[in-house]
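S.K.: Copying in the features that Swiss-Prot gives for the protein in this structure:
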- His194, Asp196, His251: Fe cation binding site (BINDING)
- Arg261: 2-oxoglutarate binding site (BINDING)
- 165-270: domain 'Fe2OG dioxygenase' (DOMAIN)
Amino acid sequence: MDSDFVPPSVSFQLPVIDFSDQNLKPGSSKWDEVKADVLKALEDYGCFEAFFDKLSVELNRSVFEAMEDLFELPIPTKQRNVSSKPFHGYLCHNLYESLGIDDANVLEKVNDFTQQLWPDHGNKSISETIHLFSEQLVELDLMVRRMIMESFGIENYIDEHLNSTYYLTRLMKYTSPPDDDDDDEETKLGLRSHTDKNIITILHQYQVDGLEVKTKDDKWIKVKPSQDSVLVMVGDSLCALLNGRLHSPYHRVIMTGKKTRYSTGLFSIPKTGVIIDSPEELVDKEHPRIFKPFEYTDFLHFFQTEAGRIAQSALHAFAAF
């Protein structure tokens, strides 16, 4: 487990990459230009800030308002958001509270979610808002993953890879720390430092900052994406798939001030039964195979164990040769 109590440096501007160009199509010169920027940013930081104009001001406002309504529901109501999968469904710990929706890019799935919370009538407005937002983030995720696989010369696996994943949309609320705990670093932790276990994560924070990312030289930096952009981040499963060519960065949420923080996350996740294994094209004398093939659910179950929680790198502890 990584240390949470290292003072962060000053705010830092991660690379900003624009995905809004209408000519951004596979095979175009603009695509190749953006693809090179994506690879450089992920090699350097494991993440980057993405501007994507399909996430309009109006859509962002609607998502923010939907989250306020959802988290105002009584706890027993929110606890109806259940899942048999680890780290899915409703979660609550200290300052952190979260709701999870599988396949929120499919409207029927979001309707099922709101029907859990409002059994009599669902909530059409919230369903449509979350569905549209998830759809747009999925479009961005697919572009990023296609660019990554092209960059490493494994484009023959693109369709197989994209079809082997599904999406989890997570709505997150971080409560401000109590007034009498201003000097207590433990109570300021909205979310402990961790690497994400999935393929790609896309995060968007609303109005209140708090996200920090650890660089490869072990420095914590405050990340402050604009309200018009999102943070795209490599997860452990992508690191394993690429035989360690990219790294998944540690990140955490530190809460200061008196405002509640809301954020959203879209997580691309390997489907049940899919084996994560590096293609032969990424294994050679200079890059020997680092990880054993594994199934994502087994990895999550390991992460829930004491050994998984205390490991400096759960991925290496679980799957490294």
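Cβ atoms here come from the backbone N, Cα and C positions, even for glycine.
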S.K.: Whose Cβ lies within 8 Å of the mean position of the Cβ atoms of His194, Asp196, His251, the Fe cation site, other than those residues?
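M.R.: Those within range, site residues removed, are Leu191, Ser193, Thr195, Thr201, Met233, Ser248, Pro249, Tyr250, Arg252.
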S.K.: Where His194 (Fe cation binding site) and Arg261 (2-oxoglutarate binding site) are concerned, what is their Cα separation in Å, rounded?
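M.R.: Cα of His194 (Fe cation binding site) to Cα of Arg261 (2-oxoglutarate binding site) measures 19 Å after rounding.
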S.K.: Just to be sure I understand, if DSSP states are collapsed into helix, strand and coil, how many residues of the domain 'Fe2OG dioxygenase' (165-270) fall in each?
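M.R.: The composition, in the requested order, is 12 helix, 51 strand, 43 coil.
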S.K.: Do any residues at least six apart in sequence from His251 (Fe cation binding site), in the same chain, have a Cβ closer than 8 Å to its Cβ, and if so which, in order?
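M.R.: Residues satisfying the criterion: Cys47, Ser193, His194, Thr195, Asp196, Leu211, Glu212, Val213, Lys214, Val223, Met233.
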S.K.: For Asp196 (Fe cation binding site), just count the other CB atoms lying within 10 A of its CB, please.
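M.R.: Asp196 (Fe cation binding site): 21 neighbouring Cβ atoms within 10 Å.
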S.K.: Count the other Cβ atoms sitting within 10 Å of the Cβ of His194 (Fe cation binding site), across every protein chain shown.
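M.R.: Around the Cβ of His194 (Fe cation binding site), 17 other Cβ atoms lie within 10 Å.
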